[in-house]
Amino acid sequence: MAEKARIAIFISGTGTNMAALLYAGLLETSRYDVVLVASNVPDAQGLEIARAEGIETFVHSHKGHSREEHDAAMEAALIASETEYLVLAGYMRILSDDFVRRWEGRILNIHPSLLPKYKGLDTFARAIAAGDSHAGASVHIVTPELDAGEVLAQAKVAIRECETPQTLAERVKYAEHQLFPRAVTDYVSRPYDARYVYERVRDIALALPETHARDSHGSPGFRVGAEKSGKFFAHFSENHHGSEHIAVLVKTSGMDELLDLVEAQPDTYFKPAYYGASGWIGLILNRPGTDWVHVAEWLERSWRSAAPARLTKLHDAAGMF
Ligand code: GAR
């Protein structure tokens, strides 16, 4: 079982969603710990709730600071508290693109609409004016484009006749309080769910030309070429031979490169047992914020080293268009 994920929560207001996350996080079975609550509004009510529960708080008003300066102060607090995931719960500031990129895949937000409908503000009034049957809330991954990242979970709330934006907002909050802790729990658990991780690796591997899945010594692997004579370019490894990692093994250029990578980035790479000096390196996937673009680049490189020239040439030609 993985350790609990360390999450920080940014708020600007009442902080009822923060409270829902915080109390869910205090349950024994929780998969995360709230390690920091931070705000850009010095008297945000939610800060008091966090303090009362002994959670570290941090306040930095955005007034008189550029977006970058303000983000830098908030980020320093995240780093000091060894935060792994940042959760935005009614944080009414847009984060700078650079900040979001540095934390890519590790920031979640709750937005009070059924995305992709009604990004931005006044979501309830807009849903009512449009005559929608339902409003709701969405938990999504934060990307530089506002409210546009992958939606992880949604809760629907019926719109009654004579509904006002205020009455709707109140009910949507009840739904948010159920939704948010679950969505955060599911998201932080993903890297430790071998099936989820495997399926992601498989989808990337099998999207490469002429590939197929094949077990090797009891572990799933991926080969390029004909079904009978293909060559392995990746092995999936789930706590194999006592290793604590869920990982994909890919081929480096040789032992020099392998050892350099393991030494420079021990949180990302390891040398798998029983692969000798063959150059297979383990890419660690059971950790927060796995960079899947990086994983895809490695899989392609490994595929390239195993694929026959006719395939790599075709692949290069296709890449030019
Ligand atoms: C929540 O309804 C949340 O969805 C919304 O602010 C409210 C915060 O309430 N977020 C946004 O509008 C983000 N664009 P809370 O402070 O009581 O949790």
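Don't overthink the numbers, they just go from 1 along the chain as shown.
Cβ atoms here come from the backbone N, Cα and C positions, even for glycine.
Among the features that TrEMBL reports, domain 'Formyl transferase N-terminal' is placed at 6-184. TrEMBL lists 7-26 with the feature transmembrane segment. According to TrEMBL, the N(1)-(5-phospho-beta-D-ribosyl)glycinamide binding site annotation covers Gly15, Thr16, Asn17. Residues or ranges marked as (6R)-10-formyltetrahydrofolate binding site by TrEMBL: Arg67, Met92, Arg93, Ile94, Leu95, Asn109. Here TrEMBL flags His111 as active site, proton donor. Marked as site 'Raises pKa of active site His' by TrEMBL: Asp147.
Rounded to a whole number, the distance between the Cα atoms of Met92 ((6R)-10-formyltetrahydrofolate binding site) and Gly15 (N(1)-(5-phospho-beta-D-ribosyl)glycinamide binding site) is 12 Å.
In sequence order, Gly46, Gly90, Lys173, Glu176, His177 constitute the residues six or more apart from Thr16 (N(1)-(5-phospho-beta-D-ribosyl)glycinamide binding site) in its chain with CB-CB distances below 8 Å. Mean pLDDT, taken over the domain 'Formyl transferase N-terminal' (6-184), works out to 97 on the 0 to 100 scale. Among the recorded positions Gly15, Thr16, Asn17, Leu95, Asp147, the residues whose Cβ lies under 6 Å from any atom of ligand 1 are, in sequence order, Gly15, Thr16, Asn17.
The record gives Gly15, Thr16, Asn17 for N(1)-(5-phospho-beta-D-ribosyl)glycinamide. Within 8 Å of the mean position of their Cβ atoms, the other Cβ atoms in that chain belong to Ile11, Gly13, Thr14, Met18, Ala19, Ala20, Leu21, Gly46, Ala89, Gly90, Lys173, His177. Here the candidates are the recorded positions Asn17, His111, Asp147. The one whose C-alpha lies nearest to that of Arg67 ((6R)-10-formyltetrahydrofolate binding site) is Asp147.
Taking the C-alpha positions, the distance from the residue listed as 'active site, proton donor' to Asn17 (N(1)-(5-phospho-beta-D-ribosyl)glycinamide binding site) comes to 11 Å.
Between the CA atoms of Asn17 (N(1)-(5-phospho-beta-D-ribosyl)glycinamide binding site) and Leu95 ((6R)-10-formyltetrahydrofolate binding site) there is a gap of 19 Å. Most buried of the binding-site residues Asn17, Asn109, judged by other Cβ atoms within 10 Å, is Asn17.
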